[in-house]
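Just below is one structure, and these are the notes that go with it.
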Amino acid sequence: MWPEGLGPRLGAAIACLLTGAALLTLCGFLAPAPVAQWLMQSGLHPAFLVPGLGLGLALSQMSRRSTGTVFLGWAAGIGLGIFFSGGLFALIGQIPGATSHHFLLFPASVLAIGGALLAGWRALPVLGPPLALLAGTACGASIVLYDPSAASGDVTIRLLGAGLGLWLPLTAALLLGCLPLRVGRIGGRIAGSWLVAIGLLYGGLAAINPPGVPYAPVLAPPPGAMGGPGSPPVIAGPGGDAFPGFGSSTTLPGQPAGGFQP
């Protein structure tokens, strides 16, 4: 059964979608090069979009009161991830393989959102706020991690990333809320299982990936040694078995053995 008030909901969803898309397009064309580069490479990357879309699917299944609580937890998490990213990176960096896998921010966010969806709509009002806080913190830290202007103190990308992180789940919740409630709940369980699987697979790479082989410098031969400075050039030739028939007598067809010796 389609939800009541489908027309106003769909209109609000389309308006929110078009407004955000227009603002993103203007930022891509009018913003400085570092901002546009971040927007195309990191802001619209699946690692940033997937958690927001998953949260939007979770929000579409809850009541208005629960939706506001979960969305507030997500927004607070983004702020915490941006402001306390340094301490968060230092803490996560102690995990083996975390630094080579982007501090495990993506698997942490998708595991949190996927776990909330997999728990079902009845558990979302209880598990949603803390899991949204965790996922938002990971997304906020990822904004700082991929910010090329972080060292200069410019906060443009951080503000843009925070706005994108708030707009994406809100728009997804409005659009997905137009679907029948039963369809959204079944799709939420399926999407949650996929997100948990993706998070476990991606996060497991850091655990099973062996440490890199330490670099061993190649020592040069001493002066005068074969191949070293001052030694005559070495001309590589074929091995002993490279031409096994070379130098042996040749017997032509119809000729007795030993009749012709070149």
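Glycine too: its Cβ is placed from the backbone N, Cα and C atoms.
The transmembrane segment feature in TrEMBL is assigned to 12-32, 71-92, 104-124, 131-151, 157-179, 191-208. Marked as region 'Disordered' by TrEMBL: 242-262.
Contact count against the transmembrane segment (104-124) (Cβ pairs under 8 Å) is highest for 191-208, out of 12-32, 157-179, 191-208. Relative to the transmembrane segment (12-32), the listed stretch 157-179 leads the set 71-92, 157-179, 191-208 in CB pairs under 8 A. With a threshold of 8 Å between CB atoms, the same-chain residues lying at least 6 positions outside the transmembrane segment (191-208) that come near it are 50, 54, 57, 95-98, 100-101, 104, 106-111, 113-119. Counting residues 6+ beyond its ends, the transmembrane segment (71-92) has Cβ neighbours under 8 Å at 55, 59, 98, 103-104, 128-130, 132-145, 158, 161-162, 165-166, 169-170 in the same chain.
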